[in-house]
Amino acid sequence: MHFSTITAALALLGLGAATPTDYSTSSYSKNQGLAQAWTSKGRQYIGTALTIRDDPVEQGIIQSRTDFNSITPENAMKWESTEPQRNNFTFAGADAVADFADRYNKEMRCHTLVWHSQLPAWVSQGNFDNKTLISIMENHIKKVAGRYKNKCTHWDVVNEALNEDGTYRSSVFYNTIGEAFIPIAFRFAEKYAGSKTKLYYNDYNLEYGSAKALGAQRILKLVQSYGVQIDGVGLQAHLSSEATASTGGGVTPDVQTLTNVLKLYTDLGVEVAYTELDVRFTTPATDAKLKAQADAYARVVQSCINVKRCVGITVWGVSDKYSWIPGVFPTEGAALLWDENFNKKPAYSSVLKTIQSFRKS
């Protein structure tokens, strides 16, 4: 997840929302859910972020395989949750997610091993030298990835290592180890995560084809140059359907731009996925805003359809009731496929219709 705005450079792309489409209920089959439709076309998963809580409606939607056959732990596997003190591991939350995946027959996208945020102070402020920090990183990856060896279909190994201009973000890992921290992390993940697990680099604001997207391509080439396993690039896709206070004027790109960005990575031999998708706007919702949002969701889905190695799409939650966005951007939200009362929105219909409309290749 990210809390950054889209840079002014995105305006140079001249991207705007396409004319909203009327996704009438007569134009698609309501007898399928999202995951059912997606897997019937030969693709791997439609997923959602999971926080286990006492809400039987939300949890019931996630438990069913109709709409979601994959889950991503929203916070339970992050460093501050799993190793809050050095070599003192706490797995209750992460184990609960893994048990949920087993019980309800879900794929599990595990998130995330090395990230500058939600990192305990003992790591970020420890003043460790290069050798010690690498040892700490290996121990963390060994214990966390090793605990869920081959249970995770994917691991976001390194998360958000880039600035908006494509340069490396200042972090304890980069400042101490240099760019080599990235292939080193992937080497440890390759060693401990299990041969069945796909290893990903994950970041936000890649979708616009800007310098940051090229930075992620550079990371991919870097890891490959070390001869280390890297299987995919995750595009978080925290997007908007209109210009908002937080986006600096950018909106969800057109299908061709999105498709071209995905191909930046698949042309280098890896797969891609949208990993944290939501599409916000300035609230309150209106019919026009909901239609524009539906069209934006459809563009994202269509771009994934266009690229055979785009294996899946994860939305960052089920209902607007629990979305992270209003807590960070108070005038924005309504970004998910179900509203706060768990009614399916036009965006749900647009995603389902778009999936059902493409022919399996």
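Keep in mind that glycine also has a Cβ here, set from the backbone N, Cα and C atoms.
Quick look at what Swiss-Prot annotates:
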SIGNAL    1-26  signal peptide
DOMAIN    46-354  domain 'GH10'
CARBOHYD  ASN88  N-linked glycosylation site
CARBOHYD  ASN130  N-linked glycosylation site
ACT_SITE  GLU160  active site, proton donor
ACT_SITE  GLU276  active site, nucleophile
DISULFID  CYS304-CYS310  disulfide bond
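Distribution of Swiss-Prot features across the structure.
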residue	record	contacts (Cβ under 8 Å, 6+ apart)
ASN88	N-linked glycosylation site	none
ASN130	N-linked glycosylation site	THR176, ILE177
CYS304	disulfide bond	ARG43, LEU262, VAL272, ALA273, TYR274, CYS310, GLY312, ILE313
(request) For the residue listed as 'active site, proton donor', list the number of other Cβ atoms lying within 10 Å of its Cβ atom. (result) 22
(request) Provide, as an integer number of angstrom, the distance between the C-alpha atoms of GLU160 (active site, proton donor) and the residue listed as 'active site, nucleophile'. (result) 13
(request) Around the Cβ of CYS310 (disulfide bond), how many other Cβ atoms lie within 10 Å? Please give the count over every shown protein chain. (result) 25
(request) Would you mind checking how many other C-beta atoms are within 10 angstroms of the C-beta on GLU276 (active site, nucleophile)? (result) 26
(request) Can you see whether DSSP assigns ASN130 (N-linked glycosylation site) to helix, strand or coil? (result) helix
(request) Report the mean pLDDT of the predicted model across the domain 'GH10' (46-354), rounded to a whole number. (result) 98
(request) Let me know the DSSP-derived helix, strand or coil state of the residue listed as 'active site, proton donor', please. (result) coil
(message) Going by DSSP, is ASN88 (N-linked glycosylation site) sitting in a helix, a strand, or coil?
(response) strand
